[in-house]
Structure formats: C-alpha cells, structure tokens
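In TrEMBL this protein carries:
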- B:25-523: domain 'Cytochrome oxidase subunit I profile' (DOMAIN)
- B:64-86: transmembrane segment (TRANSMEM)
- B:98-124: transmembrane segment (TRANSMEM)
- B:144-166: transmembrane segment (TRANSMEM)
- B:230-252: transmembrane segment (TRANSMEM)
- B:264-284: transmembrane segment (TRANSMEM)
- B:304-325: transmembrane segment (TRANSMEM)
- B:346-366: transmembrane segment (TRANSMEM)
- B:386-406: transmembrane segment (TRANSMEM)
- B:418-438: transmembrane segment (TRANSMEM)
- B:474-494: transmembrane segment (TRANSMEM)
- B:526-549: transmembrane segment (TRANSMEM)
- B:569-588: transmembrane segment (TRANSMEM)
Amino acid sequence: MEIHTYEKVWLALSLVLIVGFIATIAYGASAGPGIDMIDDKGGTVDPATLDEHPKFGDPGIEKTGENQYDVYVVARQFVFEPGTSEPLRVPEGSTVTFHVTAADVIHGFEVVGTNANTMAIPGQVAEFTVEFDEAGEYGILCNEYCGSGHHVMEGTILVMEQSEFDSWYEQQEQQTGGEN
Amino acid sequence: MATTRSDRAFVDKFPHEAAIVKATFLVAFVALGIGAFFGLIQALHRTNVLRVIESADYYTMLTGHGVLLAIVFTIFFLCGVFHWAVARSLNRPAESRLFSWAWVGLMTTGTVLTTVAILGGLVPNLGMSADVLFTFYAPLQAHPLFYIGLAMFIVGTWLAGADWFLSYRAWRANNSGERIPLQTFMVLTTMIMWYVSTIGVAVSVVFFLIPWSLGLIESVNPLLTRTLFWYFGHPIVYFWLMPAYLMWYTVLPKLAGGRLFSDPLARVVFLLFLLLSTPVGIHHQYLDPGIAEGFKFIAMTNTMFLLLPSLLTAFTVVASMEHGARQRGGKGYVRWLGALPWRDPAFTGMALAGAMFAAGGFSGMINAGMNINYLIHNTLWVPGHFHLTVGTAVALTMMAGSYWLVPQVTGTKLYSRPIGLLQVIMWFVGMVFMSNAMHRAGLAGIPRRTAEPQYQNFEFLTPIGSIFELRVQIALGGTLLFLSVVLFLFNILLTSLGDESDRPVDAALPEPLSGPEGSPRILDNLAMWTGIAALLVILAYTLPLAGIIQNGGGLFGGGLPVPATLSAGLDFVVVTVSSAFNTLLGVIA
Amino acid sequence: MAVDSTAEGAAAAPASHASDTEGVPADAASQSSSGQADPRADSIVGAADDDIVREIEHDDFDPVGTLVLVLIYMSILIGMWVFMYFIEFLGRGLTVVG
Amino acid sequence: MKFTKARALVLIAFSVPLAIELRTVAGFFNVELPLIAVAVIEFLFLALLFVLYGLYGEGSESPA
C-alpha cells in the first residue's frame, strides 16, 4: 500500500502525540502529582436501607487519626447531607476522605473551581481523599441532572481554623453522645 | 444537448431511492427545526437573558433538544445519505422498495412515540413525561412510551442496515472479484459498528428499562444500565460522525475541485473506527464509583488510539482540498487556501465544519485524558465540546451537504447560493461565540444540564473577562445558530418547491488520486474485522460488567452487596493484551 | 457552454468515471479564460471543477500546504495540552490524591 | 486572485474566534485586554476589510 511520505511523517507524529498524551496522564497518576481515580474501593451500599446504615444513616465528619478525617455525604433530591442545610465543616491542614453515595437517583458532587469532582450513584460509594490546606469556603453543586429541582441542589464546604473546628467537633460529639 | 437529465440526476436514475432519501430528510429537517427552537429557549434561559418557561420545564426542552437533534436529525439524515451512497456507488436500486419503506416507517413511528412521551411533559395533568434527558440514566424514569419508541427506532436502523447489506450481497453476486466501492465500504463498516454497539442499549432498554417502567420489575442496577448506555453512547458519536466523514472523503474533494488523496487510507480509517469505537465507552465514566481504575485506563488507551483515524482524516481530507485548490491555480504554502471555491455553500460549510472539528478534537483530547477529566467532568465544557463535534462537524456538514444532495433527490436547483453561504457562516460564527464561552464557563465550574446556574452560596470565577460576558456570548451564539437553522430550512423548503432543472447540481464524483488497487485485499474482509471488533469489545467489557453485577447488588440492583474484588493480576493481563492490540493496530495502519 | 455541460454530464454517469481525464483538460483551458465571470458557476452547487486550470495527477502532487497546516495544528495541540494539563489542571487546589 | 464577497465573508468568520481568544493570548504576556479593546480591534479589522473590498472587490473591475 502506497502512502505519501508527508502522510507517513504525519502518521508517525500522530502516534508520538498519542503516546505523549498517555504518558502525561500516567505521569499525573504517578508518585509526583499522585492523582488517584474514583474507583471501586468505596464498595457498595443498599440505597433502600441507607437510613439504617452505620455511617450514611447519620452522615457527617468523623476523626480517624492525626489530621485524618472521614466524611460521609448522602446526595438526594435536591440536597447534600451535610452541605446544604448546614455547611460541611472540615479543619484546615487536614486530609479528608470523602464517601459519597446517592439515595434516590444519580447525582454529581463537584467542589466548585477545584478538581474534586465525582458521580454519586445509588448503590455505589465514591471514595476519594483530598487535602484542605487553608481555611476558607468552597461551593458544592450537583453536576448531574437529577430531576426538576436539579438547579437548586447546592451546598458549601467550610474549611475552619483548627481550634475553631475542634471546639465545634467536640460539641457535636457531646450532642450525639447525649442523645444516645 | 446529446444527453438528457435522466442520464445523470440521481432522482431520474433511482426514483424510488430518491423518494426514501426525501422522506428521511423530511423527518430529519422537521426534527432539526423543533430541536433548534428548544435550543434557543435553553440558551436564553440558562444565561438569564430571557425566561419564557419555568425552570422545571427546562429539562423537558433539554430532553427534546437532545433526542430530536442528536438522535432523530442526525440518524434520519445519515440513513438518507447512506441510502443514496449505496445506490449510487453500487449503481443499483435497493432490493425491495417495501422493505425500505418498512424501516423508514418503523423509525418514524418510534420517533413519534418518543417525541409524544417527551412533549407530554409540557402538558400538565397528562400524567406522561420523559424528562430523563438524552442519556435516560435510571433511576430517573420516563413513560414506557419513551423507551418503546426508542426500541422501535433502533430496530428500524437495524433493518436499514440490512437493506444496505442486501444491496451489497446482490452486487457481490455479479461482481465477485471487485473491490467494494468506497462509499459502500464506508456504509457497511459503519453499520457493523452500529450493530455491535446497539446491543448494549437494546439490552438495557428491552431487558431492564421497559419492564421496570411498566412495573414488571422492582428496580434496576443504576450503574449497570448506565454502563450499558455508554457501551452504546460512545459509538453513537462515531455513528454521527461517519456520514460526515463519508461526505468529507467522497464529496468534499469534488466540491473543492480536486480528487480524494488516498482511497486505501480512507478504508483504513473506517476500519479503525469499527474496531475502536465501542471498547472506549468507559471514558464517559472516569468519575464513576464501582469501576476499577485499570478498566478506566484501558478505555483511555483505546480512546487515545482512536485519535489516529481522525488525525489521518485531517491529513487526507485537507490534502484532497489542496489538490483542488492547486488544480484551480492555487500557489504557495498557505495562499492556496484562497483558491478554494468559497462561494459554494456546500464546500464552505464542510470546510468550516472541518475547521471546527479540529478545535473540538482538542477539547475531546482533554475529555479523554483519564485524570484531567476531573477538571471538566459534567461542566459546561462538555456541551461546549460536543457542539463543536456533533453540533458542527456533523450538523454543519449535513446542512452543507444538503445544498448538494437535496437538489439531486428533488431534481430542482438550490433556491439561493448566497443565502446558503450566509447560513453556513452564521453557524460558524454563532458556534464560535457559544462553544468558546461554554468551554470557558466549564473551566470556571459551571455545570451542564442546569436550568439556572445562579447559586446562592458561592460565585463562579473566571480568570479572563467575566461570567456575565460568557453568558452574553452563549445567548448571542445560540441566537445566531437558531437564525442559521431558520435560513437553512427556508432555503431547502424553497428549493424543494422550485422548478425542475436540467442540471440541479454537478453530481459527478471524480476517481481518487490513489485508488484501491494497490491496497491489501484484507481491508475488504468485513467478516474478519467484525470478529476482531467483537473480540476487543469482549476484552474491554466482560470484566467491568461482571464486577458491576457482582459488587453492585446483581442485575436488578437492590440486592445485598457481595464484596468481590478482581485481582490485580487479572487487571494487568487485560491491560497488557489490550495495549498490545492497540500497538498492533497502530503498526497495521 | 452547452457543449461543456454535456461533457460534464457524461462524466457524471457513474459508469464513465474513469473517462474524466479525457475531455476535461480541453474544457478547463476554455474555461479558465471565462473564469469566475461565468454565470453558471454562480448558480450550480458543486461546479468547482469548472474553474480547473490544470490537471494534477497523482505523481505530480505533493501536499506541502497540507503538511504546513497540520504541523501548525499539531504545535497548537501540544502547546494547549501542556497549558491545560500542567497549569489549568495541576495548578488547581483540591486534587484527589487517594 | 480577486477579492470576492465569499472570501470577505469567510475572512470575517475566521476573525471572530481570533478576536475572542485575543484576550487569552494577551493574558499569556500579562496584558489585561478589556472587552472594549477587542471590540475596537475587530471593528477596525472589519473597516479595513470594507475598504479593501471597495478598492479590490468584485464591483471594482466590473467584469460583467
């Protein structure tokens, strides 16, 4: 099969480009930037009995170690729990592992203006870890169409100073402790 | 005047095929008009420029816009193009008129049912709606009519494919040693890809969604139906694109005054699409939980190699245009561009569509990058991307192609070339405004598929300009695009009402510069390529699907989760085998 | 012009595709003088062949202009990719690291 | 090569994306170009095109 020299040059360059793209992505996933994908490590959950779930039954933040936290979030039409009615509070300088699932239909969980972005699918738990370096505020929105009120589904993440967060967290612990 | 028109016009040579083409174009253009109108309403609504509907109704409009344009307009039009191309390139009519009308009828009936279910959402108290958007992710549920119409439509496309395969078989009986004519080759490989890929959506709709919407089964596994959708959802992208490629390879060189640069490479490109279009669907699910990273990486490698046929197309098609420009007296390294027939709306429309596809190709490369996908996933960047690809590369090529094709099936001259030229340029300018602003808005984090992205708790930030400017650009672009569609429909309507012409268009298609003779015969071995395509699909999908069913509560969801992780070793084997395949394909090409 | 349109017509019949090298050069020569002023070229879609001033065969054609364009395109692609990946993407806060 | 209406239209079309992205390119050099500057530049380009069309356009040679 006869191929013009120029086209052979182009074909070779195209292959280099493709390999270059794949190499860039592999670099991003490597130890340097260390970007991890949302995958199946979060496991599954029964969406019908979410209320009885030990974690998703009362979603929120939980301290798991020095500067280490787990956050459980339930997305349902048209709120994030927590996030919408009260902000999702995390301390600055912490490493937070999110566990996001959906109670009814497929939702999205996007921290506005950042690379933290996942789907929330009923029955699946999206598990991902991010680092909050500085105190501040982020918006959260649902970026997958989830019904007629989709456009009002939003929330906030409040990154608090460590001392402020600690006193809030203690108060929370006491309250839930008191209820039990 | 030695010859009469009968010797050359498609409508006189193949009157029955021309009637089929006219019928499919009619449905396509009606869908285009309604879908574009919905698009205008959405562009003005979500940018808060003009709100004539409730925000809850926005999603009904959006479903209508997606289904009518991305499914009905594109597929009806491509069925017309394929029917024309098969009859023209095999130089024989379809085997059975009744059969041809049967698939047109079935597809149209399906379309009407689905459209009724969607538009029912605008009528309160009707109890019928299908506000599930073009992707119909369960557990969002539509009226059963929506799914039933969709199933009928897809079966209709299967029959249409059978029609073209029957023509090919009959032609083959009389031409045993010949190479498959290029246009027919393109139609057949595209349809094989379509058969392989629609299995996914057919299983999803027939076994899960229809029984579920009728109440026969309790629940579905949302990740399973979603994955089955994207098994079909990415190849459909190439199903839209292939008729545009068919026109770029076989018609555009002629419109430019040149000849196709290489017939064998065109065949290689279509084969690569057949092989690689389906085992990539998971790249729409990079951010889905429940699918292991290894499978996402495989989907990405396949997707990146899928750039190859498009990059090859860029070269071959531009070279064919350059050939035309040089034959028309063009000189220099870039000055030859000025010698192209820019007055011809069919040429200019296709050339502009190709230029925008080059830009859309770039945003597609970002979408395809597994981890950079975090940046733009489900933001307005994504509709910005596909309005360049399906919304321009495909739609504008189809409109431009209509200026050359419609006169061939009506026997009348195009009503106005200048209006046609203005129309394609308006589309280009409108799309530049809308799509560019959408990409930028997406980088600012503005989500797609949202009626009013004006939130209470935070603001979007953009480094250059302001969000307000971006909104104005989207609204302006959307308005120009709608006006462009109005001009197009008006021009085509007046064309079809015009007087019969002796020479409606110049319909001759010149031979390629480099013909199929020197290329390996194995390129035409459709059975073998089908086998390889199926194998690649099995490799890419068996394990992810098994994982989803095992981990996610079975076929129908709702069951107890059974933990079962796939071993890393197995993962590795799949990655290796698939990459080896890809490299091999690269070498063959 | 009438003669010319007949020649075009003959070339249009699918069976005689290969014949387009025979008649066209002569036609093309006669056409080049009338150029774009030819009213017919204004009203027919797909008549770019009418303005052909020379036939270029396979062996005489090097698509150098195409090579220039695609190389420009590729350099834009690479530049934009690097910008998008390393500045827009990796430069953002809150990245999924585990 | 004559300066036809079609060529002028296509040039206008291609000037739009260039104008829109002008601010990004300026941004690379740390120049913040306001929207109005872009509008003025595009307007000047169109004016230039009209002048050129008047001088060398289809009408000027009147082949008919």
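Even glycines carry a Cβ here, placed using N, Cα and C.
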- prompt: Which one, B:98-124, B:144-166, B:264-284, B:386-406, has the most C-beta pairs under 8 Å toward the transmembrane segment (B:346-366)?
  reply: B:386-406
Statement: In the domain 'Cytochrome oxidase subunit I profile' (B:25-523), averaged pLDDT is 94
Query: Between the transmembrane segment (B:264-284) and the transmembrane segment (B:386-406), are there at least three Cβ pairs closer than 8 Å, leaving out pairs fewer than 6 positions apart?
result: no
- prompt: Counting Cβ pairs under 8 Å that sit 6 or more residues apart, are there three or more between the transmembrane segment (B:386-406) and the transmembrane segment (B:144-166)?
  reply: no
- request: Tally Cβ pairs under 8 Å between the transmembrane segment (B:98-124) and each listed stretch (B:64-86, B:230-252, B:474-494), then give the stretch with the top tally.
  value: B:64-86
